[in-house]
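Feature annotations, reproduced from TrEMBL:
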- Asn134, Lys135, Gln136, Asp137, Gly201, Pro202, Ser203, Gly204, Val205, Gly206, Lys207, Ser208, Thr209: GTP binding site (BINDING)
- Cys285, Cys290, His292, Cys298: Zn(2+) binding site (BINDING)
- 85-261: domain 'CP-type G' (DOMAIN)
- 95-259: domain 'EngC GTPase' (DOMAIN)
Amino acid sequence: MRRPRPAPPAAPLPDGLHEGLIVTSHGRHYIVESAGGQRHLCHPRGKKSQAVVGDQVQWQAPRPGQGDEGSIEHIAPRRNLFYRQDEMRTKAFAANIDQILILIAAEPVFSERQLAKALIAAEAAGIPALIGLNKQDLGPAYASAWQRLAAYRQILPAGDDAHTPAPLYPVLRLQLDAAHGGDDFPQLQALLQGRATLVLGPSGVGKSTLINRLIPDAQAQTAEISRALNSGRHTTTTTTWYWLECARGSAVLDSPGFQEFGLHHIDRQALTRWMPDIARHATGCRFHNCTHIHEPHCVVRAAVLPEEPTEAAPNAAEAPGIAPSRYALYKHIFEELPQGRA
């Protein structure tokens, strides 16, 4: 569902404050965009900064003789925050987004474990997700990658009882370096309209190609941002917000690539809740604290299919079974999560 993003008021707030949107950052420096589209260099008030790209903030312009940086005074309440967390640190990608596009490719071969983790984090944050499989021209490699995603194309929303349900995660065929963009590129364009979409994925899958295709002046914007932040290089270590049109009703957010996606913020015992294909079976288990790994009378284990699903459309009249690969991922991720949170 499209969520309207109210535009900040044109007039200054009381006490000389203005409202704006954080569009990128570098260290303790942020670029804040005002209602009229002007961008301002700001730093957070105090030693610590909790601001992330996508935050609506109140900021104050510098007083005469106090340099050219404004100060971020207040962060508005967020409707969501997408982040990953490992043993050492938390890495926030963005706040207040409408959906996440997880972009993968036939080559390099994608990690299903990292894909599953990103989807779990999206579910936990309450953010819809879609999957784009790039490099459709790679023939057998693409066919193999497409087959690996069969289980994801059959995941249904938990509790969906429609006779012809739509999959929870749309999976799109893309060829972003071609003129046509791939079989499902028009569908992707439609899904981006009216939404703020975080583009997520490892390096080398075509994120930059997608961004440059959607926003022809993205490189120029990035260079301008780098100069403003004095970073001296392409800001690939942080998320950057790009508007898709002058009306600023749709946006895509380019994010840095990653190799590992930590889920230390996920409660181990609640993991099934964030894997919808497993969650629809988990409530039937005999024990309320069933881990779905070794307990008797486990409905989840009983629902695991003998082999990977085919291309047949899911039937909502009965709960679809669990793909063996998905159950194996569940067990692996469950064992990875800190035991103290069980």
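Using N, Cα and C of the backbone, Cβ positions are placed for all residues, glycine too.
Structure coloured by features recorded in TrEMBL.
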{"residue": "Asn134", "record": "GTP binding site", "Cβ within 10 Å": "29"}
{"residue": "Gly201", "record": "GTP binding site", "Cβ within 10 Å": "24"}
{"residue": "Ser203", "record": "GTP binding site", "Cβ within 10 Å": "12"}
{"residue": "Val205", "record": "GTP binding site", "Cβ within 10 Å": "26"}
{"residue": "Lys207", "record": "GTP binding site", "Cβ within 10 Å": "25"}
{"residue": "Thr209", "record": "GTP binding site", "Cβ within 10 Å": "16"}
{"residue": "Cys285", "record": "Zn(2+) binding site", "Cβ within 10 Å": "20"}
{"residue": "Cys290", "record": "Zn(2+) binding site", "Cβ within 10 Å": "21"}
{"residue": "His292", "record": "Zn(2+) binding site", "Cβ within 10 Å": "23"}
{"residue": "Cys298", "record": "Zn(2+) binding site", "Cβ within 10 Å": "20"}
Could you tell me which three-state DSSP class Lys207 (GTP binding site) falls into?
helix
Taking Cα atoms as reference points, rank the binding-site residues Cys290, His292, Cys298 by distance from Asn134 (GTP binding site) and give the first.
His292
Could you tell me the C-alpha distance between Cys290 (Zn(2+) binding site) and Val205 (GTP binding site) in angstrom, no decimals?
38
Just the number: how many Å between the Cα atoms of Ser203 (GTP binding site) and His292 (Zn(2+) binding site)?
34
Identify, in sequence order, the residues in the chain of Gln136 (GTP binding site) that are 6 or more apart from it along the sequence and have a CB within less than 8 Å of its CB; answer 'none' if there are none.
Ala106, Tyr142, Arg173, Leu174, Gln175, Ala178, Gly182, Asp183
Suppose you look only at the domain 'CP-type G' (85-261); what would the mean pLDDT be?
90
Would you mind pulling the longest C-alpha to C-alpha span across Asn134, Lys135, Gln136, Asp137, Gly201, Pro202, Ser203, Gly204, Val205, Gly206, Lys207, Ser208, Thr209, which the record has binding GTP, in angstrom?
20
Out of Cys285, His292, Cys298, point to the one nearest Thr209 (GTP binding site) in space (Cα versus Cα); all of them are binding-site residues in the record.
His292
Distance, Cys285 (Zn(2+) binding site) to Val205 (GTP binding site) (CA atoms, angstrom):
40
